[in-house]
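Novice: Sharing a structure with you now.
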Amino acid sequence: MGHEGSKDLPDTDTTTNSEGGSTRFSRMKQKLHFHNKDHHPHPHLRRIFRRLSVSRRNGSSSSSTSALKLVSPEDFAGIALLTLISADMQFKDRWLACVSLGEQTFRTHISHQTHKPVWNSEKKLLLEKNGPHLARISVFETNRVSKNKLVGYCEIDLLEFLAQDTDSDFEAFELFDPASAGKVVGRISLSCSVEDPIETEKNFARRILGIVDYNEDGQLSFSEFSDLIKAFGNQVADNKKEELFKVADKNGDGVVSMDELAELLAIQQENEPLINCCPVCGEALEVSDKLNTLVHLSLCFDEGTGNQVMTGGFLTDKQASYGWMLKLSEWAHFSSYDVGLNSGSSASHILVFDRKKKRLVEELIDKKIVLSMRAIYQSRIGLGLMDKGAKEILQSISEKQGRDMNTIESARDIPKFVKFFKDQINLAEIKYPLEHFKTFNEFFIRELKPGARPVASVEHDDVAICAADCRLMAFKSVEDSLRFWIKGRKFSIQGLLGNEIYSSAYADGTVVIFRLAPQDYHRFHSPVSGTIDKFVKIPGCLYTVNPIAVNSKYCNVFTENKREVSIISTAHFGKVAFVAIGATMVGSITFSKKAGDHVKKGDELGYFSFGGSTVICVFEKDVIKIDEDLLANSARSLETLVTVGMSLGVATRNKQKLVCQNR
């Protein structure tokens, strides 16, 4: 299977330093034995860095920059070389394959017209034990004008794949039809191996030698060697380049060979690092950290084995697969792919981060709906029409649609709905088969099988959980929510909760927004354990809760929409405001609990009828510490795809102190 790197690696240099510990290089080599469960990394191994593409938007202009993300040494698993070799499909076409991992997607070249495409395309990936390691492989047919069609996909846990003990150079995986659960449409062959760090150094030396080897003789003269040292950005090394050249030129022939250069880099980087900045991207390196340097340079140079290197720079497989029509629309600024807060014409693709699979996914939404929402919610003219009677029309349409979804005839739409959302609805989780539902709304408010949504830390009431299957945004304060997400000029917690519920304790409290899309499970659950004090209904409009409207400066979705507010008194979080908000096509909010009921976290509170909808939880100031990954994504204006029962945060205050304050 190409797992040579996951088996025993060649003996490493076991020389010790003055303190009696193993060298940094040998410790890094030991790290690559990641399936050795008894191995514990050296406690003094410095953290390594991984470069992530972070998109920033400032007004109407956007730019990409490079950021550094800390990864603990215990989390490092190795540099994997993944190769998409070939596939066996059921019909002839010109085929394209993509691999998505975390916030990165890469694509192969397009094959010839065949039912057995061969790509031999590879990519180096940094694997982390607690980071993204579930790769999605997608195969597209490309004989289409505007966009390519996803034919089959599979998901592979790369850590498990590498840990297998096999003599095969590759493995074949079944490709599944995204529109039909369990249906196999082909097979794809791939290999994956953990790279030997010695080979990484040699590859790096070979690549940089080629950059300054002006006469292409495979060796470096002193002048060529001097140019290389200057490129490393190390003034100390530049001042003694003559000495370094003599050290490298072991056979005294007046030139430095590739092997001599690799040995010099290995020795010097261990003892007195030569490289202060990456010759490729120019980023400063943590020069005292051998592991960091090798990881960075290996991924940045992306040295392969001679096969075609996959094309990168994509966020999702859908983006990577698009044909010339998307390229034209991006060039003309009609649409764009970006992580973060989009507004106006560029809000044509909604990207969210899947918390479970740890990768970016694109939300499915009909393009005609996107265009209409942009026309209404991202312009003064559109909102002006709302003020001149369109609100009442929208209300009437929503009510009529709600009635239609309760008719026997509406059940015919269920299969089409499921097909449109393909692999985003897991039929195996639903309590009853599709034939059980007599109307579309019965399906829409479907229940799940017991155990389908396990509750995090179920015995600990000081841990809050996610209240819905949704796209989540979480902010420490209202100010943060206005800065990163909610752009309505008149949004306030008092406006959201209403005068009857609002108190000063919520003024600068923590805000969590749970946005439900039409394909989601539409029952909402209690995020905390406690007693329900009261319910208050607040009449209002039925604007959409899609980010295109929420991010609009022309309307105030959350404070103008129809909603119902409940207060849950808890021992650990004080009084939690739970706001269920109706939206376009959602005229009905149904609570299954009443005032005075005690609820455990994870208990069902109610459901929304057909459409998209939102729940907002407002916590009193400083009573909860939201999970870091949720806050980090929200600070990038990136929604996190979560399910009911996942961890939301932990209580920060003493239980007895809260009880006294609430009396």
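Easy rule for this one: first residue shown is 1, then count along the chain.
Any Cβ shown, glycine's included, is placed from N, Cα and C.
A TrEMBL annotation is a machine prediction, not a hand-curated record.
Sharing the record's features from TrEMBL:
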- 1-10: compositional bias 'Basic and acidic residues' (COMPBIAS)
- 12-23: compositional bias 'Polar residues' (COMPBIAS)
- 46-171: domain 'C2' (DOMAIN)
- 200-235: domain 'EF-hand' (DOMAIN)
- 236-271: domain 'EF-hand' (DOMAIN)
- SER613: active site, schiff-base intermediate with substrate (ACT_SITE)
- SER613: pyruvic acid (Ser) (MOD_RES)
Novice: Roughly where does the domain 'C2' (46-171) sit in mean pLDDT, to the nearest integer?
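Specialist: Mean model confidence (pLDDT) across the domain 'C2' (46-171) is 77.
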Novice: Have a look around SER613 (active site, schiff-base intermediate with substrate) and count the other CB atoms within 10 A of its CB, chains all included.
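Specialist: Its Cβ shell of radius 10 Å holds 31 other Cβ atoms.
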Novice: Per DSSP, what is the residue tally for the domain 'EF-hand' (236-271) in helix, strand and coil?
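Specialist: Helix, strand, coil within the domain 'EF-hand' (236-271): 26 helix, 2 strand, 8 coil.
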Novice: Using DSSP, how many residues of the domain 'EF-hand' (200-235) fall into helix, strand and coil, respectively?
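Specialist: Looking at the domain 'EF-hand' (200-235) with DSSP, the answer is 24 helix, 2 strand, 10 coil.
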